[in-house]
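Novice: The structure follows.
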Amino acid sequence: MSKDYEVFPLLLEMAKRGCLVAPRRLSRIEILKTLGLTPWRFKKLVEAAEEEGYIERRVHGRMVFYVVTERGRALLRRVYDDLKRTIDSSTFLTLRGYVVPGLGEGAIYMGIPRYVEAFKEVLGYEPYPGTLNIKLVDEDVYLRRALREKRVGFRIEGFRLDEGRESCGVTVYKAMIMANGVTVSGAALDIDKTKHGDEILELIAPVRLRDELRLKDGDKVEVVIPV
């Protein structure tokens, strides 16, 4: 496999210059400049690619033509698929944690009509009046902090309550919440002012998550957030 990735840049450059379609003459000087190769290194890579069956050299008099074989095309496709899979998976952030008892803060927010209306506007549904709390594994606490920097959530600003107190703002991240082989569409909350540390993530959904996901304290939960 290491040899595959050594010859891949050369193979890709040949493909870009038409060698996937038909045998082509190539400017060695241009390829050396593009790939930053020495003549000796270029010679070794061509030999390696030919030995592995990725390219063929066809000599006509003093002219040399190169063509990428079906085996070479398969290598290009394999690397492309690896890159696409890696890039596509990077459009989601997965946070892992374990169910812990809550402090009742979520129920307070869910009981304030203005918050409920804001959640309905952002999420398209009225959340169950309460949150599920999970304690993130250590490495995912840092991912949560990185999530804030991406600014991909929906912002609900704080406002003044009837009794004169100020409510705090909250950022809402749409999410898929998964546990015990069940997936529920919900959201993760990042509340501006909370008694919890960054290791505690509060989740909401249109249903009671403990019931829908058959959860008890200590159960593992995964939260997948588009970024």
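Placement of Cβ uses the backbone N, Cα and C atoms for every residue, glycine included.
Fair warning: this is a prediction, and the values are worked out from it, not measured in the lab.
Okay, so Swiss-Prot annotates it like this:
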type	residues	note
BINDING	Gly102, Leu103, Gly104, Glu105, Gly106, Ala107, Val207, Arg208, Leu209, Arg210	CDP binding site
BINDING	Thr131, Asn133	Mg(2+) binding site
BINDING	Thr194, Glu202	FMN binding site
REGION	1-92	region 'H-T-H motif-like'
REGION	93-227	region 'Riboflavin kinase'
Novice: Taking the Cβ of each of the binding-site residues and counting other Cβ atoms inside 10 Å, which one has the highest number: Thr131, Asn133, Thr194?
Specialist: Thr131
Novice: Taking Cα atoms as reference points, which of the binding-site residues Thr131, Asn133, Thr194, Glu202 is nearest to Gly102 (CDP binding site)?
Specialist: Asn133
Novice: Need one number: mean pLDDT over the region 'Riboflavin kinase' (93-227).
Specialist: 86
Novice: Compile a sequence-ordered list of residues in the same chain as Val207 (CDP binding site), six or more apart from it, whose Cβ lies below 8 A from its Cβ; state 'none' when nothing qualifies.
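Specialist: Listed in sequence order: Tyr128, Val184.
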Novice: Whole-number Å only: compute the distance from the Cα of Glu202 (FMN binding site) to the Cα of Asn133 (Mg(2+) binding site).
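Specialist: Between the alpha carbons of Glu202 (FMN binding site) and Asn133 (Mg(2+) binding site) there are 5 Å.
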Novice: Tally of helix, strand and coil residues over the region 'H-T-H motif-like' (1-92) according to DSSP?
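Specialist: Secondary-structure composition of the region 'H-T-H motif-like' (1-92): 59 helix, 14 strand, 19 coil.
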Novice: For Gly102 (CDP binding site), what is the tally of other C-beta atoms lying within 10 angstroms of its C-beta?
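Specialist: Summing over all protein chains shown, Gly102 (CDP binding site) has 15 other Cβ atoms within 10 Å.
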Novice: With DSSP as the reference, give the number of residues of the region 'Riboflavin kinase' (93-227) in helix, strand and coil.
Specialist: 34 helix, 50 strand, 51 coil
Novice: Tell me, how many other CB atoms lie within 10 A of the CB of Leu209 (CDP binding site), whichever protein chain they belong to?
Specialist: 24
Novice: Quick one: Cα separation, Leu209 (CDP binding site) versus Asn133 (Mg(2+) binding site), in Å?
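Specialist: It is 10 Å, counting Cα to Cα.
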Novice: Around the C-beta of Glu202 (FMN binding site), how many further C-beta atoms are within 10 angstroms, looking at every protein chain?
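Specialist: Result for Glu202 (FMN binding site): 22 neighbouring Cβ atoms inside 10 Å.
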